[in-house]
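The (6S)-5-formyl-5,6,7,8-tetrahydrofolate binding site feature in Swiss-Prot is assigned to Arg33, Glu90, Arg129, Lys437; the stated evidence is sequence analysis. Taken from Swiss-Prot, the feature domain 'TrmE-type G' covers 224-363. The annotation GTP binding site is assigned in Swiss-Prot to 234-239, 253-259, 278-281. Here Swiss-Prot flags Ser238, Thr259 as Mg(2+) binding site.
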Amino acid sequence: MTRSSLPDAPDNTPQVIFALATGPSRAAIAIMRASGPGSDAILKALCNGRLPAPRRVSLRTLRHNGEVLDHAVALWLPGPNSYTGEDGFELHLHAGPAIIARIADALTDLGARPAEPGEFTRRAVQKGRLDLLQAEAIADLVDAETESQRKQALRQADGALSRLYDDWAQRLRLVLAHQEALIDFPDEELPQDVEDGLIEELSKLQTEMSAHLQDNRGELMRQGLTVVIAGSPNVGKSSLLNALSGTDAAIVTHRAGTTRDAIALDWVLDGVRLRLIDTAGLRETEDEIEAEGIRRALFHVKQADVVLHLIGPDESLDTLSGQEIPIRTKIDIAPAPPGMLGISTQSGEGLAALRQILSERVAELMAGSAAPPLTRARHRAGIQEAVTHLDHARTATWPELRGEELRLSMLALGRLTGRVDVESLLDAIFGQFCIGK
(Lines of atoms letter the chains of each structure in order from A; the text may use other names.)
(Lines give C-alpha, C1' and ligand atoms only; values in the text may rest on other atoms or scores of the structure.)
Protein backbone atom coordinates (compact mmCIF):
# COMPACT_ATOMS: atom_id res chain seq x y z
CA MET A 1 0.00 0.00 0.00
CA THR A 2 1.27 3.49 -0.85
CA ARG A 3 0.34 6.94 0.33
CA SER A 4 -2.13 7.37 -2.55
CA SER A 5 -4.19 4.44 -1.29
CA LEU A 6 -4.53 5.85 2.23
CA PRO A 7 -7.56 8.03 3.14
CA ASP A 8 -6.94 11.74 2.66
CA ALA A 9 -6.64 13.83 5.82
CA PRO A 10 -8.08 17.35 6.11
CA ASP A 11 -5.61 20.08 5.29
CA ASN A 12 -5.65 21.39 8.88
CA THR A 13 -4.93 17.98 10.38
CA PRO A 14 -1.43 17.60 11.84
CA GLN A 15 0.74 15.26 9.81
CA VAL A 16 1.91 11.95 11.21
CA ILE A 17 5.46 12.33 12.49
CA PHE A 18 8.02 9.65 13.27
CA ALA A 19 11.43 9.41 14.91
CA LEU A 20 13.85 6.91 16.35
CA ALA A 21 13.29 6.86 20.13
CA THR A 22 16.48 4.92 20.86
CA GLY A 23 20.05 6.03 20.40
CA PRO A 24 22.00 5.60 17.18
CA SER A 25 24.64 3.35 18.75
CA ARG A 26 24.84 -0.36 17.93
CA ALA A 27 22.18 -2.31 19.83
CA ALA A 28 19.82 -5.27 19.54
CA ILE A 29 16.59 -3.27 19.41
CA ALA A 30 15.63 0.08 17.88
CA ILE A 31 12.31 1.75 18.70
CA MET A 32 10.60 3.82 16.02
CA ARG A 33 7.71 5.91 17.32
CA ALA A 34 5.02 7.74 15.36
CA SER A 35 2.20 10.10 16.29
CA GLY A 36 -0.62 11.95 14.60
CA PRO A 37 -4.06 11.52 13.05
CA GLY A 38 -3.89 8.76 10.50
CA SER A 39 -1.35 6.69 12.43
CA ASP A 40 -3.80 3.78 12.44
CA ALA A 41 -3.92 3.65 8.64
CA ILE A 42 -0.13 3.69 8.37
CA LEU A 43 0.27 0.96 10.98
CA LYS A 44 -2.39 -1.19 9.32
CA ALA A 45 -0.60 -0.77 6.00
CA LEU A 46 2.67 -1.99 7.53
CA CYS A 47 0.95 -4.85 9.38
CA ASN A 48 -0.76 -6.34 6.32
CA GLY A 49 -4.12 -4.70 7.12
CA ARG A 50 -4.37 -5.94 10.72
CA LEU A 51 -4.25 -3.27 13.43
CA PRO A 52 -2.87 -4.66 16.73
CA ALA A 53 -5.09 -4.52 19.82
CA PRO A 54 -4.63 -1.23 21.71
CA ARG A 55 -1.69 -1.20 24.12
CA ARG A 56 -0.96 -4.89 23.55
CA VAL A 57 2.41 -6.18 22.41
CA SER A 58 1.99 -7.83 19.01
CA LEU A 59 4.60 -9.65 16.94
CA ARG A 60 4.08 -8.66 13.31
CA THR A 61 5.80 -9.03 9.97
CA LEU A 62 6.16 -5.51 8.59
CA ARG A 63 5.60 -5.20 4.85
CA HIS A 64 5.55 -2.39 2.32
CA ASN A 65 4.74 -2.75 -1.38
CA GLY A 66 4.85 -6.51 -0.97
CA GLU A 67 8.35 -6.51 0.52
CA VAL A 68 9.08 -7.89 3.99
CA LEU A 69 10.90 -5.19 5.97
CA ASP A 70 11.34 -6.81 9.38
CA HIS A 71 9.81 -9.12 11.97
CA ALA A 72 9.05 -6.68 14.78
CA VAL A 73 6.95 -5.91 17.83
CA ALA A 74 4.16 -3.42 17.11
CA LEU A 75 2.30 -1.34 19.72
CA TRP A 76 -0.87 0.56 18.79
CA LEU A 77 -1.37 3.53 21.15
CA PRO A 78 -4.66 5.32 20.45
CA GLY A 79 -5.22 8.78 21.86
CA PRO A 80 -6.02 10.58 24.03
CA ASN A 81 -4.27 8.30 26.52
CA SER A 82 -0.91 8.43 24.80
CA TYR A 83 2.23 10.49 25.34
CA THR A 84 1.23 13.12 22.79
CA GLY A 85 -2.53 12.79 23.28
CA GLU A 86 -2.77 11.73 19.62
CA ASP A 87 -3.09 8.33 18.01
CA GLY A 88 0.34 6.80 17.67
CA PHE A 89 2.35 3.61 17.53
CA GLU A 90 5.75 2.12 18.26
CA LEU A 91 7.74 -0.39 16.24
CA HIS A 92 10.39 -2.37 18.13
CA LEU A 93 12.75 -3.30 15.33
CA HIS A 94 15.99 -5.16 14.89
CA ALA A 95 18.50 -2.33 15.17
CA GLY A 96 20.39 -2.79 11.93
CA PRO A 97 20.97 0.53 10.16
CA ALA A 98 19.57 -0.86 6.91
CA ILE A 99 16.33 -1.94 8.62
CA ILE A 100 15.91 1.45 10.31
CA ALA A 101 16.50 3.28 7.05
CA ARG A 102 14.05 1.06 5.15
CA ILE A 103 11.33 1.53 7.78
CA ALA A 104 11.86 5.30 7.66
CA ASP A 105 11.51 5.21 3.87
CA ALA A 106 8.29 3.22 4.16
CA LEU A 107 6.81 5.61 6.72
CA THR A 108 7.64 8.56 4.49
CA ASP A 109 6.10 6.82 1.51
CA LEU A 110 2.93 6.24 3.54
CA GLY A 111 2.57 9.95 4.30
CA ALA A 112 4.47 10.47 7.54
CA ARG A 113 7.43 12.79 7.94
CA PRO A 114 10.47 12.87 10.25
CA ALA A 115 9.75 14.74 13.48
CA GLU A 116 11.43 18.01 14.34
CA PRO A 117 13.50 18.15 17.57
CA GLY A 118 11.13 18.07 20.53
CA GLU A 119 8.02 17.81 18.34
CA PHE A 120 6.51 14.85 20.20
CA THR A 121 6.68 16.75 23.48
CA ARG A 122 5.45 19.93 21.80
CA ARG A 123 2.34 18.06 20.65
CA ALA A 124 1.89 16.68 24.16
CA VAL A 125 1.86 20.26 25.48
CA GLN A 126 -0.55 21.40 22.78
CA LYS A 127 -2.89 18.52 23.64
CA GLY A 128 -2.72 19.31 27.36
CA ARG A 129 -0.91 16.11 28.28
CA LEU A 130 2.00 18.12 29.68
CA ASP A 131 2.57 21.72 30.68
CA LEU A 132 5.67 23.71 29.80
CA LEU A 133 7.37 22.99 33.12
CA GLN A 134 6.87 19.25 32.69
CA ALA A 135 8.13 19.44 29.12
CA GLU A 136 11.30 21.16 30.32
CA ALA A 137 11.69 18.50 33.00
CA ILE A 138 11.59 15.74 30.40
CA ALA A 139 14.49 17.42 28.60
CA ASP A 140 16.33 17.65 31.93
CA LEU A 141 15.59 13.98 32.65
CA VAL A 142 17.10 12.94 29.33
CA ASP A 143 20.19 15.07 30.04
CA ALA A 144 20.54 14.03 33.71
CA GLU A 145 24.05 12.84 34.52
CA THR A 146 23.87 12.69 38.32
CA GLU A 147 21.47 11.26 40.88
CA SER A 148 20.44 14.71 42.13
CA GLN A 149 19.67 15.84 38.58
CA ARG A 150 17.61 12.71 37.96
CA LYS A 151 15.56 13.14 41.14
CA GLN A 152 14.93 16.82 40.53
CA ALA A 153 13.91 16.32 36.89
CA LEU A 154 11.59 13.45 37.82
CA ARG A 155 9.97 15.53 40.56
CA GLN A 156 9.33 18.39 38.14
CA ALA A 157 8.09 16.00 35.45
CA ASP A 158 5.60 14.64 37.99
CA GLY A 159 4.21 18.17 38.35
CA ALA A 160 5.62 19.39 41.67
CA LEU A 161 6.66 22.80 40.35
CA SER A 162 3.49 23.09 38.27
CA ARG A 163 1.33 22.48 41.35
CA LEU A 164 3.17 25.20 43.26
CA TYR A 165 2.70 27.77 40.49
CA ASP A 166 -0.91 26.69 39.90
CA ASP A 167 -1.63 27.17 43.61
CA TRP A 168 -0.25 30.71 43.47
CA ALA A 169 -2.26 31.42 40.32
CA GLN A 170 -5.47 30.09 41.90
CA ARG A 171 -4.99 32.27 44.98
CA LEU A 172 -4.41 35.25 42.70
CA ARG A 173 -7.62 34.44 40.82
CA LEU A 174 -9.59 34.54 44.06
CA VAL A 175 -8.04 37.86 45.06
CA LEU A 176 -8.80 39.27 41.62
CA ALA A 177 -12.37 37.96 41.79
CA HIS A 178 -12.90 39.87 45.04
CA GLN A 179 -11.18 42.91 43.57
CA GLU A 180 -13.47 42.86 40.52
CA ALA A 181 -16.46 42.68 42.86
CA LEU A 182 -15.28 45.80 44.68
CA ILE A 183 -14.99 47.58 41.32
CA ASP A 184 -18.21 46.34 39.68
CA PHE A 185 -20.50 46.53 42.70
CA PRO A 186 -19.43 49.63 44.67
CA ASP A 187 -22.92 50.14 46.12
CA GLU A 188 -22.94 46.82 47.95
CA GLU A 189 -20.99 48.30 50.88
CA LEU A 190 -18.72 45.33 51.40
CA PRO A 191 -16.94 45.34 54.77
CA GLN A 192 -13.55 47.06 54.96
CA ASP A 193 -11.98 43.86 56.19
CA VAL A 194 -12.60 42.35 52.73
CA GLU A 195 -10.14 44.78 51.17
CA ASP A 196 -7.76 44.38 54.11
CA GLY A 197 -7.86 40.63 53.55
CA LEU A 198 -6.93 41.11 49.91
CA ILE A 199 -3.86 43.14 50.86
CA GLU A 200 -2.86 40.53 53.46
CA GLU A 201 -3.14 37.69 50.93
CA LEU A 202 -1.08 39.65 48.41
CA SER A 203 1.62 40.15 51.03
CA LYS A 204 1.66 36.41 51.76
CA LEU A 205 1.97 35.58 48.07
CA GLN A 206 4.73 38.10 47.59
CA THR A 207 6.64 36.67 50.57
CA GLU A 208 6.33 33.09 49.28
CA MET A 209 7.40 34.00 45.75
CA SER A 210 10.32 36.09 46.99
CA ALA A 211 11.53 33.16 49.10
CA HIS A 212 11.23 30.96 46.02
CA LEU A 213 13.48 33.36 44.11
CA GLN A 214 16.14 33.06 46.83
CA ASP A 215 16.21 29.26 46.50
CA ASN A 216 18.87 28.43 43.90
CA ARG A 217 19.06 24.68 44.61
CA GLY A 218 17.44 23.78 41.32
CA GLU A 219 19.86 25.75 39.20
CA LEU A 220 22.79 24.38 41.19
CA MET A 221 21.60 20.82 40.59
CA ARG A 222 21.12 21.36 36.86
CA GLN A 223 24.34 23.25 36.22
CA GLY A 224 26.50 21.83 39.01
CA LEU A 225 28.39 23.56 41.81
CA THR A 226 31.61 25.37 41.03
CA VAL A 227 34.54 24.37 43.24
CA VAL A 228 37.66 26.47 42.65
CA ILE A 229 41.11 25.36 43.79
CA ALA A 230 43.17 28.46 44.55
CA GLY A 231 46.43 29.40 46.22
CA SER A 232 49.97 30.50 45.55
CA PRO A 233 52.17 28.89 42.86
CA ASN A 234 53.48 25.36 43.42
CA VAL A 235 51.28 24.81 46.46
CA GLY A 236 49.72 21.63 45.06
CA LYS A 237 46.58 22.86 43.28
CA SER A 238 47.04 20.74 40.15
CA SER A 239 47.99 17.72 42.25
CA LEU A 240 44.78 18.10 44.24
CA LEU A 241 42.68 18.40 41.07
CA ASN A 242 44.18 15.16 39.79
CA ALA A 243 43.80 13.42 43.16
CA LEU A 244 40.13 14.35 43.57
CA SER A 245 39.16 13.55 39.99
CA GLY A 246 41.30 10.45 39.64
CA THR A 247 42.77 11.78 36.39
CA ASP A 248 45.93 13.45 35.12
CA ALA A 249 44.05 16.43 33.73
CA ALA A 250 46.53 18.98 35.06
CA ILE A 251 50.29 19.07 34.46
CA VAL A 252 52.21 18.75 37.72
CA THR A 253 55.82 19.99 37.97
CA HIS A 254 58.06 21.54 40.61
CA ARG A 255 58.30 24.69 38.52
CA ALA A 256 56.12 27.50 39.87
CA GLY A 257 53.61 29.11 37.49
CA THR A 258 53.04 26.06 35.29
CA THR A 259 49.27 26.60 35.28
CA ARG A 260 48.61 29.80 33.32
CA ASP A 261 44.91 29.30 32.54
CA ALA A 262 42.08 27.61 34.40
CA ILE A 263 41.63 23.86 33.94
CA ALA A 264 38.09 22.61 34.56
CA LEU A 265 36.54 19.16 34.75
CA ASP A 266 33.40 17.57 36.15
CA TRP A 267 33.37 15.41 39.26
CA VAL A 268 30.34 13.80 40.91
CA LEU A 269 30.20 13.78 44.72
CA ASP A 270 27.21 12.27 46.54
CA GLY A 271 25.17 12.40 43.36
CA VAL A 272 25.87 16.11 42.81
CA ARG A 273 27.83 17.38 39.85
CA LEU A 274 30.81 19.55 40.80
CA ARG A 275 32.81 21.65 38.38
CA LEU A 276 36.41 21.50 39.65
CA ILE A 277 38.54 24.41 38.47
CA ASP A 278 42.32 24.50 38.90
CA THR A 279 43.57 28.09 38.66
CA ALA A 280 46.84 29.93 38.14
CA GLY A 281 48.98 30.52 41.22
CA LEU A 282 48.31 33.83 42.97
CA ARG A 283 51.38 36.07 43.25
CA GLU A 284 52.86 39.36 42.05
CA THR A 285 54.28 39.01 38.55
CA GLU A 286 55.59 41.09 35.66
CA ASP A 287 54.74 38.39 33.11
CA GLU A 288 51.70 39.57 31.12
CA ILE A 289 50.45 36.07 30.34
CA GLU A 290 50.75 34.90 33.94
CA ALA A 291 49.12 38.14 35.14
CA GLU A 292 46.12 37.45 32.90
CA GLY A 293 45.90 33.93 34.34
CA ILE A 294 45.90 35.38 37.86
CA ARG A 295 43.17 37.86 36.93
CA ARG A 296 41.05 34.99 35.65
CA ALA A 297 41.80 32.97 38.78
CA LEU A 298 40.49 35.77 41.00
CA PHE A 299 37.40 36.03 38.81
CA HIS A 300 36.72 32.30 39.30
CA VAL A 301 37.21 32.70 43.06
CA LYS A 302 34.54 35.41 43.17
CA GLN A 303 32.09 33.28 41.17
CA ALA A 304 32.72 30.02 43.05
CA ASP A 305 30.24 28.19 45.25
CA VAL A 306 33.17 26.68 47.19
CA VAL A 307 36.85 27.68 47.23
CA LEU A 308 39.52 25.19 48.28
CA HIS A 309 42.21 27.61 49.47
CA LEU A 310 45.52 25.75 49.54
CA ILE A 311 48.24 27.08 51.83
CA GLY A 312 51.81 25.81 51.74
CA PRO A 313 53.95 24.91 54.78
CA ASP A 314 55.71 28.30 54.80
CA GLU A 315 52.64 30.48 54.19
CA SER A 316 50.32 32.36 56.52
CA LEU A 317 46.54 32.21 56.09
CA ASP A 318 45.04 35.07 54.08
CA THR A 319 41.33 34.82 53.37
CA LEU A 320 40.38 34.77 49.69
CA SER A 321 36.63 34.26 49.90
CA GLY A 322 33.78 33.81 52.34
CA GLN A 323 33.10 30.46 50.67
CA GLU A 324 36.56 29.04 51.21
CA ILE A 325 37.81 25.94 52.96
CA PRO A 326 41.41 26.59 54.12
CA ILE A 327 43.69 23.58 53.57
CA ARG A 328 47.32 23.11 54.57
CA THR A 329 49.14 21.16 51.87
CA LYS A 330 52.27 19.01 51.86
CA ILE A 331 51.80 17.76 55.42
CA ASP A 332 54.30 15.03 54.58
CA ILE A 333 56.85 17.87 54.86
CA ALA A 334 55.39 19.87 57.76
CA PRO A 335 52.26 19.17 59.86
CA ALA A 336 49.15 21.35 59.68
CA PRO A 337 48.41 23.77 62.55
CA PRO A 338 45.90 22.55 65.16
CA GLY A 339 42.31 22.79 63.96
CA MET A 340 43.26 23.16 60.28
CA LEU A 341 42.69 20.50 57.65
CA GLY A 342 45.93 19.14 56.25
CA ILE A 343 46.47 17.01 53.16
CA SER A 344 49.23 15.30 51.25
CA THR A 345 48.55 14.37 47.64
CA GLN A 346 51.71 12.26 47.72
CA SER A 347 50.57 9.95 50.52
CA GLY A 348 46.83 10.56 50.24
CA GLU A 349 46.63 11.61 53.89
CA GLY A 350 43.75 13.98 54.59
CA LEU A 351 42.00 13.47 51.24
CA ALA A 352 39.19 11.42 52.79
CA ALA A 353 38.64 14.15 55.38
CA LEU A 354 38.57 16.76 52.61
CA ARG A 355 35.97 14.79 50.69
CA GLN A 356 33.85 14.58 53.85
CA ILE A 357 34.10 18.32 54.51
CA LEU A 358 33.30 19.06 50.88
CA SER A 359 30.35 16.67 51.04
CA GLU A 360 29.00 18.51 54.08
CA ARG A 361 29.43 21.87 52.38
CA VAL A 362 27.58 20.61 49.30
CA ALA A 363 24.76 19.34 51.52
CA GLU A 364 24.51 22.79 53.14
CA LEU A 365 24.29 24.49 49.76
CA MET A 366 21.62 22.07 48.60
CA ALA A 367 19.57 22.30 51.81
CA GLY A 368 16.31 24.18 51.65
CA SER A 369 12.57 23.97 52.12
CA ALA A 370 10.44 21.05 51.02
CA ALA A 371 9.02 23.20 48.22
CA PRO A 372 10.28 22.38 44.71
CA PRO A 373 12.98 24.81 43.54
CA LEU A 374 12.96 26.73 40.28
CA THR A 375 15.35 25.22 37.78
CA ARG A 376 15.80 27.64 34.89
CA ALA A 377 16.47 31.30 34.19
CA ARG A 378 13.04 31.42 32.49
CA HIS A 379 11.37 30.44 35.75
CA ARG A 380 13.32 33.04 37.71
CA ALA A 381 12.43 35.79 35.24
CA GLY A 382 8.75 34.81 35.29
CA ILE A 383 8.49 34.69 39.08
CA GLN A 384 10.37 37.99 39.38
CA GLU A 385 7.87 39.57 36.97
CA ALA A 386 4.96 38.18 39.01
CA VAL A 387 6.46 39.52 42.25
CA THR A 388 6.99 42.97 40.72
CA HIS A 389 3.33 43.19 39.66
CA LEU A 390 2.24 41.92 43.09
CA ASP A 391 4.20 44.71 44.73
CA HIS A 392 2.55 47.25 42.43
CA ALA A 393 -0.88 45.75 43.20
CA ARG A 394 -0.30 45.83 46.94
CA THR A 395 0.59 49.53 46.89
CA ALA A 396 -1.90 50.65 44.21
CA THR A 397 -4.27 53.42 45.30
CA TRP A 398 -6.91 52.81 42.62
CA PRO A 399 -8.85 49.51 42.54
CA GLU A 400 -8.68 49.41 38.74
CA LEU A 401 -4.89 49.69 38.81
CA ARG A 402 -4.69 46.95 41.42
CA GLY A 403 -6.84 44.70 39.27
CA GLU A 404 -4.64 45.28 36.22
CA GLU A 405 -1.46 44.50 38.17
CA LEU A 406 -3.06 41.29 39.47
CA ARG A 407 -3.90 40.26 35.91
CA LEU A 408 -0.33 40.91 34.81
CA SER A 409 0.99 38.84 37.74
CA MET A 410 -1.32 35.98 36.79
CA LEU A 411 -0.20 36.26 33.18
CA ALA A 412 3.45 35.92 34.24
CA LEU A 413 2.63 32.73 36.17
CA GLY A 414 0.51 31.42 33.31
CA ARG A 415 3.35 31.82 30.86
CA LEU A 416 5.52 29.59 33.05
CA THR A 417 3.14 26.64 32.82
CA GLY A 418 1.54 27.54 29.50
CA ARG A 419 -1.88 27.80 31.17
CA VAL A 420 -3.06 31.32 30.36
CA ASP A 421 -6.85 31.09 30.47
CA VAL A 422 -9.30 33.99 30.66
CA GLU A 423 -12.21 31.59 31.16
CA SER A 424 -10.73 30.37 34.43
CA LEU A 425 -10.82 33.95 35.74
CA LEU A 426 -14.47 34.32 34.70
CA ASP A 427 -15.32 31.04 36.43
CA ALA A 428 -13.67 32.29 39.61
CA ILE A 429 -15.56 35.59 39.51
CA PHE A 430 -19.02 34.11 38.92
CA GLY A 431 -18.41 31.08 41.11
CA GLN A 432 -17.52 33.06 44.22
CA PHE A 433 -20.23 35.73 44.32
CA CYS A 434 -23.98 35.84 44.40
CA ILE A 435 -24.22 39.66 44.27
CA GLY A 436 -27.08 41.02 42.18
CA LYS A 437 -29.34 37.96 42.08
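Keep in mind that glycine also has a Cβ here, set from the backbone N, Cα and C atoms.
The two recorded residues, Arg129 ((6S)-5-formyl-5,6,7,8-tetrahydrofolate binding site) and Ala280 (GTP binding site), show a Cα separation of 51 Å. One residue stands out among the binding-site residues Arg33, Arg129, Lys237 for having the most other Cβ atoms within 10 Å of its Cβ: Lys237. Ranked by CA distance from Ala280 (GTP binding site), the binding-site residues Arg33, Glu90, Ser238 have Ser238 at the top as the closest. Between the C-alpha atoms of Lys237 (GTP binding site) and Arg33 ((6S)-5-formyl-5,6,7,8-tetrahydrofolate binding site), the distance comes to 50 Å. The two recorded residues, Asn234 (GTP binding site) and Arg33 ((6S)-5-formyl-5,6,7,8-tetrahydrofolate binding site), show a Cα separation of 56 Å. Cα spacing between Arg33 ((6S)-5-formyl-5,6,7,8-tetrahydrofolate binding site) and Ser238 (Mg(2+) binding site): 48 Å, rounded to the nearest whole number. Here the CA atom of Glu90 ((6S)-5-formyl-5,6,7,8-tetrahydrofolate binding site) lies 50 Å from the CA atom of Ser238 (Mg(2+) binding site). Per-residue confidence over the domain 'TrmE-type G' (224-363) averages 84 (mean pLDDT, predicted model). Per DSSP, the secondary structure of the domain 'TrmE-type G' (224-363) breaks down as 38 helix, 34 strand, 68 coil. With a 10 A radius on its CB, Asn234 (GTP binding site) counts 21 other CB atoms from all the protein chains. The Cβ neighbour count for Ala280 (GTP binding site), using a 10 Å radius and every protein chain shown, is 27.
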